[in-house]
Amino acid sequence: MAPSGSSSIKRSCQRVLYWIPVLFITMIVGWSYYAYVIQLCIGSITNIGEKVVCIVAYHLFFIMFAWAYWKTIFTTPMNPLKEFHLSYTDREILEREERGETQQEVLRRIAKDLPIYTRTMSGAIRYCDRCQLVKPDRCHHCSVCDKCVLKMDHHCPWVNNCVGFSNYKFFLLFLAYSLLYCLFIAATDLQYFIKFWTNGLPDTQAKFHIMFLFFSAAMFSISLASLFGYHCWLVSKNRSTLEAFRAPAFRHGADKNGFSLGFGKNLRQVFGDEKKYWLLPVFSSLGDGCSFPTCLVNQDPEQPSTPAGPNTMVKSVGEASPFPAKPLRESQSRLLISGQSWTESDGGHEEDKHGKQ
């Protein structure tokens with residue numbers, strides 16, 4: 001019982017420690033609210049019109065930032081549906097079989113009716129021993145959350161949560177609104193920051209809040225701009241952070257562009273069809289997170305052409321494959337209605353080196 005109790009205490013302590021980055025961000029934002037609203041707007045700005053505009057605009061950015069941050073933190077990552085979990089009988093059969101090809105035959109039988117088109121780099125079925133399930137495409141096991149997460153992007157310590165299918169849109173909006181929040185503060189605080197160095201402000205406590213507020217906003221703006229720009233690029237290519245570092249392997253080989261459907265459809269897959277919801281932290285992403293359209297055509301100039309040739313549009317129906325062609329779920333099929341012909345492709349995704357199985 002002692003080891004079990006020690007393990008439970010250790011896990012509890014880890015859960016508390018994981019909230020430290022979130023607490024740090026919350027304290028910084030709380031201080032920035034005091035410094036900007038109380039010390040700058042109310043205490044230092046003398047023009048009534050400028051004061052009202054700054055306070056109203058600030059609260060607009062603040063509310064959107066806080067809303068997106070809250071949704072990113074407290075939206076539970078989606079896990080694979082029950083159909084991907086092994087039954088009790090299948091688990092027993094799998095445990096009895098030796099590791100190797102025999103076990104793979106069991107997994108192929110289990111996965112034959114699932115909408116799965118990816119494998120590991122070695123060609124094996126992507127299976128999670130911890131969760132005892134066949135992994136859907138783009139799904140990974142997070143060692144911090146200790147569960148499989150649909151379309152996992154990464155585990156973010158600053159939100160103490162996994163960023164994946166259920167909250168990736170919220171994470172993008174969190175980056176966007178936090179960047180706008182910092183840029184707005186830096187832009188409106190600049191003239192008073194200059195007055196600080198030219199002795200244009202009275203020697204009060206507000207001087208130091210104004211100075212550090214500008215430094216903090218400018219510093220965070222630089223880091224947030226680079227991170228937001230990187231994730232915008234990922235969205236345009238329909239890649240997750242894991243896929244950017246290790247491409248999913250399709251039948252023709254590893255291809256980072258394997259899930260890309262073109263900029264417009266890639267954007268809709270994350271933000272949805274209704275543009276009125278794009279800027280709001282409400283879930284509007286397309287699909288169920290378990291199946292995704294893929295393409296065999298390599299149109300990304302930074303990727304080499306596939307062995308099948310640049311004009312190959314559709315996989316041969318009669319081609320032998322452990323993953324026979326299966327229809328996509330209805331929620332994803334809408335992405336394939338217009339434009340070029342797209343088709344599902346066999347392949348796989350090896351696990352991430354940094355704690356994801």
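Count begins at 1; order follows the chain as displayed.
Placed from the backbone N, Cα and C atoms, the Cβ positions cover glycine too.
What TrEMBL records for 333-344 is compositional bias 'Polar residues'.
Sequence annotations record features per position, and here TrEMBL assigns compositional bias 'Basic and acidic residues' to 346-357.
The feature domain 'Palmitoyltransferase DHHC' is assigned by TrEMBL to 125-245. Mean pLDDT of the predicted structure over the domain 'Palmitoyltransferase DHHC' (125-245): 92.
Annotation comment: TrEMBL describes 301-357 as region 'Disordered'.
Residues 58, 62, 65-66, 69, 73, 144, 157-160, 185, 189, 209-210, 212-213, 216-217 of the same chain lie 6+ residues outside the transmembrane segment (16-36) yet bring a C-beta within less than 8 angstroms of a C-beta in it. The transmembrane segment annotation in TrEMBL covers 16-36 (among others).
According to TrEMBL, the transmembrane segment annotation covers 48-70 (among others). Here the transmembrane segment (48-70) has Cβ contacts under 8 Å with residues 25, 29, 33, 36-37, 40-42, 159, 170, 173-174, 176-178, 180-181, 184-185, 188, 281 of the same chain, all six or more residues outside its ends.
For the transmembrane segment (170-188), the list of distant contacts is 32, 36, 40, 54, 57-58, 61-62, 64-65, 68-69, 71-72, 75, 153, 156, 159, 163, 213-214, 217-218, 220-221, 224-225, 227-228, 231-232, 235, 270, 279-281, 283: same-chain residues at least six beyond its ends, Cβ to Cβ under 8 Å. The transmembrane segment annotation in TrEMBL covers 170-188 (among others).
Marked as transmembrane segment by TrEMBL: 208-230 (among others).
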